[in-house]
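The structure under discussion appears below in the form of structure tokens.
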Amino acid sequence: MRLYFNRALRVLLATNAAVIFASAMMAPIYAIFVEKIGGDVLDAGLTSGLFALVSGVVVLISGRASDKMKDSELLVIAGYFILGIAFFLYNFVNTIPSLFMIQALIGLGYAATAPAYDALYAKHVDGHRSGWQWSSWESMAYFATAAGSAAGGFIASEFGFNALFTAMSVLCLASALYMYLLPRRVL
């Protein structure tokens, strides 16, 4: 089977891989970070729950907005930008209430991105290779998560949380900037 991805799919896969990688970097050490700022397992669960709750509500609004926008990639860019800012703000979190705010912001970033990203990806999928192209996105997400989790654990243990949060932020902001600088016709 010949691998085929048009330019739009390559851009979407690469930028999303960077963002998924960045997000996964926090996975193995999130509860440790919560404990470090004075929280416990319940706080880790509640802050994660708030992230999901915000995402669940806002994704419906974002989906409707995406359908009405001419350049829906701007929502993807905005979401990546919000994630980059939120990940950087982890550097300043030292209380559980501030963590709740950051988790809500991260939920907003993911919710802004998801529907527009999915619509863009679907728009550029080749009808004769759709199964392969969608499975490639799924595979990329798993590989990026695996690599990001390992990298996150390593960076946090060797260089500390601030280096980790900065790296996460840079990956998301770089993805947002790259997509923003692309000619609109690409996506």
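Cβ atoms here come from the backbone N, Cα and C positions, even for glycine.
Taken verbatim from TrEMBL:
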DOMAIN    2-187  domain 'Major facilitator superfamily (MFS) profile'
TRANSMEM  12-33  transmembrane segment
TRANSMEM  45-62  transmembrane segment
TRANSMEM  74-93  transmembrane segment
TRANSMEM  99-120  transmembrane segment
TRANSMEM  140-157  transmembrane segment
TRANSMEM  163-182  transmembrane segment
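Here the listed stretches are 12-33, 45-62, 74-93, 99-120, and the one with the most C-beta pairs under 8 angstroms to the transmembrane segment (140-157) is 12-33. Sequence-distant contacts of the transmembrane segment (45-62) (same chain, at least 6 residues past either end, Cβ-Cβ under 8 Å): 30, 34, 39, 75, 79, 96, 99-100, 103-104, 106-108, 110-116. Listed by sequence, the residues of this chain that lie at least six past the ends of the transmembrane segment (163-182) yet keep a Cβ under 8 A from its Cβ atoms are 11, 15-16, 18-19, 21-23, 25-26, 29, 73, 76-78, 80-81, 83-85, 87-88, 90-91, 152, 155-156. Nonlocal intrachain contacts for the transmembrane segment (74-93), taken as residues 6+ away from its ends with a CB within less than 8 angstroms of a stretch CB, comprise 15, 19, 22-23, 26, 33, 37, 62, 65-66, 99, 102, 105-106, 108-117, 120, 161-162, 165-166, 168-173, 175-176, 179-180.
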